[in-house]
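*Asks:* Positions annotated as (2R)-3-phosphoglycerate binding site by Swiss-Prot, on the basis of similarity to another entry: Val23, Asp24, Phe25, Asn26, Asn38, Arg39, Ser62, His63, Gly65, Arg66, Leu121, Arg122, His168, Arg169. As annotated by Swiss-Prot, CDP binding site applies to Gly212, Asp217, Gly236, Gly336, Phe341. If you look up Swiss-Prot, you'll see Gly212, Gly236, Phe341 marked as ADP binding site. According to Swiss-Prot, the feature AMP binding site maps to Ala213, Lys214, Lys218, Gly237, Gly311, Glu342. What Swiss-Prot lists as ATP binding site is Ala213, Lys218, Gly237, Gly311, Glu342, Asp374, Thr375. According to Swiss-Prot, the Mg(2+) binding site annotation covers Ala213, Asp217, Asp374.
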Amino acid sequence: MSLSNKLSIRDLNLKDKRVLIRVDFNVPMKDGAITNNNRIVQALPTVKYALDNGASAVILMSHLGRPNGEAVAKYSLKPVAAEVEKLLGKPVEFLNDCVGPDVEKACQSAKDGKVILLENLRFHIEEEGSAKVDGQKVKADAEAIKKFRASLTTLADIYINDAFGTAHRAHSSMVGVDLSQRAAGFLMQKELEYFAKALENPSRPFLAILGGAKVSDKIQLIENMLDKVNALIICGGMAFTFKKTLDNVKIGKSLFDEPGSKLVQNLVKKAAEKNVKIVFPVDFITADKFAPDASTGYATDDDGIPDGWQGLDCGERSNKLFREEILKSKTIVWNGPSGVFEFDAFSSGTKAVLDAVINATKEGATTIIIGGGDTATAALKWGAEGQVSHISTGGGASLELLEGKELPGVTALSSKN
């Protein structure tokens, strides 16, 4: 799967065409009101581009929450239609469903730059292909899925996917719209461009910073990165599994991943064979409990972490080692925070890595990608947007790309040639 060879909205003639855009309007809501409209704001450039380039209609489709394959009022996209209308400065027609004769008729007759938002795709089990009933997974009927996808396909002439955050899901709206031109919107295109730069043609030295809790959860990520990078920083909770297994460092009641510990020797051996330098933390900020109000302590590798205490962040000596490695690098991919940054007392390690990454950008590092999920949350918490090349919008999707997997939503896009 080449990331750099996918059709983009800029490659298409949109004049007098109905354009169906899969957006990600999965915004946080409270009591029917949107609490953060960032995802809607991010989708607007693609919508505006289609309108400015003569599209006869723009039809928007999205999911919201997890309604489990049935209509649930609190997951309706109706409040989102009002927000899109406000931000776009033009009327948005909201339809009470996303498929079926009424929806098909409304979309097929839309003209003069009309904007339509369909109801939540996940109100139908056919979107995800399954639902949970009484705790059991129930699969959607194969014929019903075909019919659902066929109905979506009749709504427009051109399909645009701008929902990178869902690109790792083989859902109907991601892979089942059977139009001849299927292209990436601006958000999707930006994600693909940056990941292509890092994974297909990186400037070197190439560094991966990998945090997170369990080695066993990140095994594919570490394996794939070892084939690509020059250096690897291992931080976060999974560092303790490496430290205890390799050097018998005392880790107190810090996170220890028993299944993951069995993989450590092979990973280190592979790194040596590939000439990849691994940098581990050497000191830690410790806590007597996992809580924001925990008492804090300090421990080094030599002394180890006392019984009853756990490491929740990397210490200053570790941060200095990480910074030195970061400032040497031209391409950096960061997935997984350095510590429990959600608790102020244990946030300085993650902040130090972020500061170093921003510094590296200023000093000429060409491509810096901060993976989605917790790492992106940390970066946004400290206002890093615009200070590094790219903060990914997709947690699961970015992780799967870094693991070397193909993303169904990307594979489904048309290639340029």
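Heads up, residue numbers simply count up from 1 along the chain you see.
Glycine too: its Cβ is placed from the backbone N, Cα and C atoms.
Keep in mind that what you see is a predicted model, and the values were worked out from it rather than measured.
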*Asks:* For the binding-site residues Gly65, Gly236, work out the Cβ neighbour count at 10 Å and name the residue with the minimum.
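*Replies:* Comparing Cβ neighbour counts within 10 Å for the binding-site residues Gly65, Gly236 gives Gly65.
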*Asks:* Could you name the residues, excluding Gly212, Gly236, Phe341, of the same chain that surround the ADP site, i.e. Cβ within 8 Å of the Cβ centre of those residues, in sequence order?
*Replies:* Gly211, Ala213, Cys235, Gly237, Gly336, Pro337, Ser338, Gly339, Val340, Thr350, Asp374, Thr375
*Asks:* So if I measure Cβ to Cβ from Asp374 (ATP binding site) and keep only same-chain residues at least 6 apart in sequence, which ones fall under 8 Å?
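*Replies:* The list for Asp374 (ATP binding site) reads Gly212, Gly336, Pro337, Phe341, Gly395, given in order along the sequence.
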*Asks:* For His168 ((2R)-3-phosphoglycerate binding site), what is the secondary structure state per DSSP, taken as helix, strand or coil?
*Replies:* coil
*Asks:* Within its own chain, what residues at least 6 apart in sequence put their Cβ under 8 Å from the Cβ of Asp217 (CDP binding site), listed in sequence order?
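*Replies:* Spatial neighbours, sequence-distant, of Asp217 (CDP binding site): Gly260.
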*Asks:* Out of Val23, Asn38, Gly65, Leu121, Thr375, the binding-site residues in the record, which is closest to Lys214 (AMP binding site) when you go by Cα distance?
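*Replies:* Going through Val23, Asn38, Gly65, Leu121, Thr375 one by one, the Cα closest to that of Lys214 (AMP binding site) is Thr375.
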*Asks:* Considering the binding-site residues His168, Lys214, Lys218, which residue's Cβ sits among the greatest number of other Cβ atoms within 10 Å?
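*Replies:* Compared across His168, Lys214, Lys218, the most Cβ atoms within 10 Å surround Lys218.
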